[in-house]
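Listed features, source TrEMBL:
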BINDING   Ser43, Ala76, Val77, Lys78, Pro79  NADP(+) binding site
BINDING   Asn63  NADPH binding site
DOMAIN    11-109  domain 'Pyrroline-5-carboxylate reductase catalytic N-terminal'
DOMAIN    174-278  domain 'Pyrroline-5-carboxylate reductase dimerisation'
Amino acid sequence: MSVNSVKLHQKFGFIGGGNIARAICEGMVRKKLISFSQVYVSSATHTTLEYWKDQGAFTTTINGKVADEADVIFLAVKPHIIAEAIAQLLQTFTPDRAANKLFISVLAGTTLAAIENILQEVHGARVMRVMPNTPLLVGEGCSVYCPGQHATEYDINLVKTIFQVSGVCELVPESLISSVGALAGSGPAFIYLIIEALSDGGVKLGIPRKTSTMFAAQTVLGAAKMVLETGRHTGILKEEVTSPGGTTIAGIHELEKGRLRSTLMDALDAAAKRAGELGPKK
Ligand SMILES: NC(=O)C1=CN([C@@H]2O[C@H](COP(=O)(O)OP(=O)(O)OC[C@H]3O[C@@H](n4cnc5c(N)ncnc54)[C@H](O)[C@@H]3O)[C@@H](O)[C@H]2O)C=CC1
Ligand SMILES: O=C(O)[C@@H]1CCC=N1
């Protein structure tokens, strides 16, 4: 069955209602996998909750209320907050009701073992770890997952349904999650910088800003689709654009002088290294 034809009936909770929670939830809603009436969100401030309230979700500042109501509970707070957020959750949440609940952690740099350890009061807590990215919002997410020790086949299928409806979602060993986080989790920010720089270049050459940004984004989209849809090696695709003695090679020479490739590789190294510094240590 195509994931697009599925409608989920579970209740979905978000502990933390920030950027990634919105991307995950709106992605599902846009694809009609769920509606906001199935969504329960807790956040530290009422300001964050206004958006959710306007959409028709149940909102609260009490994490335990979300855990009590929802069948699937996304842990979507910043990594340094997680122990505190779960402690708050356990103040009102009845751990023996947890058997039917699935926790999905999207926290960077926070291992399954650390989450399972923080949730130890919830005996046999079913946990999945996912590294999503914000383009889930527009149906072009790139996510990876790995199951915790008590996760079931049902949990794996549910995670695949949730994240594949809004993009690609693949299983990886947990040792690779921070690497994928650097590439796909942080990657959109790197690409926005590149689009902005291309737009600046266009503006410098006289193209109006709005048009220049649109052309830059469409060019990135077109190049990405060429890679994905033709399946041809990026080197060959590059050759097809680069005429001997032409304009493109003149530009590529400048990019190589600016160490574009090496800089992007360094950016991924830095992001992956930073993930290792975040989150509670087991
Ligand atoms: N933003 C992104 O592109 C991605 C983020 N992530 C991970 O998702 C997590 C959340 O990131 P963002 O959504 O960007 O952060 P954010 O700052 O936008 O959202 C965090 C939310 O947590 C809430 N919060 C703070 N303390 C809380 C508490 N004690 N209990 C309940 N809620 C509390 C805040 O009010 C806020 O709504 C992080 O762990 C990050 O590593 C993972 C992949 C991509
Ligand atoms: O910047 C961060 O820490 C999060 C994780 C991946 C994307 N954003």
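Just so you know, glycine gets a Cβ as well, placed from its N, Cα and C.
Across the annotated binding residues for NADP(+) (Ser43, Ala76, Val77, Lys78, Pro79), the two most widely spaced Cα atoms sit 14 Å apart. Cα spacing between Asn63 (NADPH binding site) and Lys78 (NADP(+) binding site): 15 Å, rounded to the nearest whole number. Long-range Cβ proximity for Lys78 (NADP(+) binding site), meaning a same-chain Cβ under 8 A and a gap of 6 or more residues, is found for Gly16, Leu107.
Along the domain 'Pyrroline-5-carboxylate reductase catalytic N-terminal' (11-109), the predicted structure has mean pLDDT 94. DSSP classifies Asn63 (NADPH binding site) as helix under the three-state reduction. Within the same chain, residues at least six positions away from Val77 (NADP(+) binding site) with a Cβ under 8 Å of its Cβ are Ile15, Gly16, Gly18, Ala85, Leu107. Sequence-distant neighbours of Pro79 (NADP(+) binding site) (same chain, six or more apart, CB under 8 Å from its CB) are Leu107, Ala108, Gly109, Thr110, Leu278, Gly279, Pro280, listed in sequence order. Here the domain 'Pyrroline-5-carboxylate reductase dimerisation' (174-278) is broken down by DSSP into helix, strand and coil counts: 89 helix, 0 strand, 16 coil. Close to Ala76 (NADP(+) binding site) in the fold, though at least 6 residues off in sequence, lie Phe14, Ile15, Gly16, Gly17, Gly18, Ile20, Ala21, Ile24, Val106, Leu107, each with a CB less than 8 Å from its CB. The Cβ of Ser43 (NADP(+) binding site) lies under 8 Å from the Cβ of Gly16, Gly17, Gly18, Leu49, Thr59, Thr61, each of which sits 6+ residues away along the same chain.
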